[in-house]
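Pulled from TrEMBL:
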- 635-663: region 'Disordered' (REGION)
- 35-57: transmembrane segment (TRANSMEM)
- 209-230: transmembrane segment (TRANSMEM)
- 237-259: transmembrane segment (TRANSMEM)
- 287-308: transmembrane segment (TRANSMEM)
- 337-358: transmembrane segment (TRANSMEM)
- 384-415: transmembrane segment (TRANSMEM)
- 436-461: transmembrane segment (TRANSMEM)
- 536-557: transmembrane segment (TRANSMEM)
- 564-588: transmembrane segment (TRANSMEM)
Amino acid sequence: MGCCQPCCRCCPGNKRDEEEEERWQPLMDRSCTDVIALVIFILFWVGMFFIAAYSIAGGNAYRLAYGTDSYGNVCGMQNVKNANINLKSAGLDMTGRPYVFFMDILNPKDALEICVSKCPDQDLNSIREIQEFAKNSSSSLCEYDVKQENMLTAGQSHLGPCPSTPVKASTSFLNRCVPKDAPEFLVKFMAILNSYDIFYKVLSDVFQARAEIAGMCVLAVVVALLMVALIRFVAGFVMWIFMGIVAVASIVGTALLWWTYASKNQEYYAVPENERLDENGKDVTAFLVYSIIATIATVVLLIVLFVMRKRVKLVVALFHEAGKVFMHTPLLVLQPLWTFIALALFFIYWIAVLVFLATAGEPTVDTSTGWVTYKDPEPVRYMWWYHVVGLLWTSEFFLACQQMVIAGAVTQVYFTRDKKQVSSPILKATGRLISYHLGSVAVGSFIIVLVKIPRLILTYIQAKLKDKENSCVQFTLKCCMCCLWCLENCLKYLNYNAYTVIAIEGTSFCTAARRAFLALVSNALRVVAINSVGDFVLFLGKLGVVAVVGAISLIIFRTDARLHYYAVPILVICVFAFFIAHCFLSVYEMVVDTLLLCFCEDCRINDGSPGREYYMDKSLLEFVENSSEALKNLDKKKKKETANTNANEHVELKETDPTENAV
C-alpha cells in the first residue's frame, strides 16, 4: 500500500494471515463492539439525568431571567416567604416591579438592589428630584419601607435606603436598569440596539425581507443538491485546470524573478564602480536568492505534480464513484438534517438544565450586610464540569453517529457486487450502528473530548491573563492551543476512517483505528491528493452555490423600495447559503474519503484471482497493479455466470416443453 506496490498490498505487518483473508466477508461478520464504553456512556447519561432532576428541583430559572433584589425577591412576580430568611422585606409581591435597580451601578456587587416599576429615564441630581420622579412615575428608587413623604430625610448611599445622587438616566437591559452614558460595553451595545440609524434599519430590512430570505434558503438547498449531482462531472476538469494553473503560475513567477534579477544586475554593473550604491548591490543579491529559492520550489512542485498525476486521476475516479453512490442512496444528503435536529433538541435540553443549575443555590443571609446571597452547594461546583463534559461528549457522539451511518451506507454500496441488489443501505447502516457499534462511537467521540477539554482550559487561562503583559506566557498558550487544535482535527479525520473500517469489518474501535492509520500512512500521496485538490473542488462548489443564490438575491432586492440597505438581506442569504452548501458537500467529502478507504481495503485483501475478485468497479481497477489480470478474471467470472444462467434457463424450458412430454 505505497511502500512496496502502488496498490494496498504491501507490508507483511499489514497483511492478515491467509486463513483470515480466505474467509473475509465484508459487512457479514458482526458482533457488539466496545460494550464497556457503551455501558460507561449510559451511566454517564444517568448522571446527566440526575443533574437535571437536581437542578429543576432546587433551581429557579425566573431568578436568572428577571433578576432579584438584595432580599431574595424575584422582580416582576409574586414571592413566597422562605422559612430560612427572617427579613421583613423578603417574600413580597413584586408583580408591578419588573426591573432591578442598583443603588450604585458602577459597583453593583457591593450596592443595594431593589425592584422598581420603572427605570429612571432622566438624570436625578438631588433627593428632591428622586422624590418628584417617584410621584410622577409611581416608581420609588428607595427601599420598600421608605414612604415618599419621608424620602427627603432618609439617608443616601450605595447601601440605601435611597441612592446617592446624581442618579444617571437608565435604560432596561435584561430587566436591569443600566445607565445610558455608562462607559461599559453593555451600554454601548444598548446604544447600538436602540439606534434608529443602524440597528433598527438593519433589523427592519431583515424583517421586511423575511419571506424572500426563507425562499432563498430553500433555493440554496435546491442549488446545493444540484451541485452534489453535477460536481462529479466537472471535478476532473476543475482538478486538471487547477494543477495547470499552479504549474504555469510557478513557472511564470520564477521566470519573472530571474528577469528582475537580470535587469537589476545589468543596471547595477552599468554604473561605474565608484558610483555604485551598497543598497543596490544588496538588492541584486536578494533577488538572486529569491530566484534560486523559487527555482528550487518550482522544480519540487513540478516533480510532485508529475508524481501525483495518477493519484489525481484516482481522485477524479472516486468523485465519479461518489456520484454513483448518491444515485443508489439519494437520501444520504439529508443526514446532516437529522443530525441538526438531534443536536438542536439536545442543546435546548442542555441550556434549560444549565439555567436551572445556575440558580440551584440555597438562599442565606449575609451577616455583614443583612442581604440575601445564594451559595452553591459543594456538589453543584462539580456538576458544572460534569454538565460541560456532557455537552462536548454528547455533541461529538451525535456527529460520530452521522459519520458511522454514512460510512456504513457507502461501504454497503461498494462491497455489493451486484449494485441492483442494493436496498435500504441507510436503514441497514443505522440498524448495524444501533445493534453493534454504539460503543465504538462512544469511544471515538470521547477521544475528541479528551482533546477539547485542555483547549477549553487553556482558553480560560488565556482570558484570565489577557491584560497581563507577559508576552512569553501568551505566546506559549497560543502555541499549545494551536497544537491541540491540529491534534483534534487529525484525530477527527482518523476517527472517521476508523468508523469506515468498523463499518466494513465490524472490529472494535482501537483495532479499526490502527488499520485506518496504517492505510492512510501507506496511501499518503492519495490522501494528500484528496485533501488538497479534492477539497479545493468542493470549496469551489460551495462558492458556486453562494454565487448563484447571491446573484438571484441581488436581482430581487436591488429594486425593492422597502429596504434601507438591500446588501443586508443579501449578506444574510449568502451566509445561510454557504452553510447549507457546506452541510451537503461535506457529505460528499465523507463519501469520497470512505470510498478511498474501501478501495485500500479491497486492494489489501483481494488480488483479483478466482475466488478473491475485487469489489471495485472497472473505473478503479486501472489504479491496481495487476488490473489487466483482474479484468480477465472478472470477465471470465461474468461469462461463467452468464453461461450457467443460460443453461439453467434451457433446462427449465426443456422440462416444461409439451411436445417432448408427448413424445
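Glycine is treated like the rest: Cβ placed from N, Cα and C.
Among the stretches 209-230, 287-308, 384-415, the one making the largest number of Cβ pairs under 8 Å with the transmembrane segment (564-588) is 209-230. Comparing 35-57, 237-259, 337-358, 436-461 for CB pairs under 8 angstroms to the transmembrane segment (536-557), the maximum falls on 237-259. Counted over residue pairs separated by six or more positions, the transmembrane segment (384-415) shares fewer than 3 Cβ pairs under 8 angstroms with the transmembrane segment (209-230), which leaves the two as not touching. Sequence-remote contacts of a segment are chain residues at least 6 beyond its ends whose Cβ falls under 8 Å from one of its Cβ atoms, and for the transmembrane segment (35-57) they are 349, 353, 356-357, 360, 379, 383, 386-387, 390, 393-394, 397, 438-440, 442-443, 446, 509.
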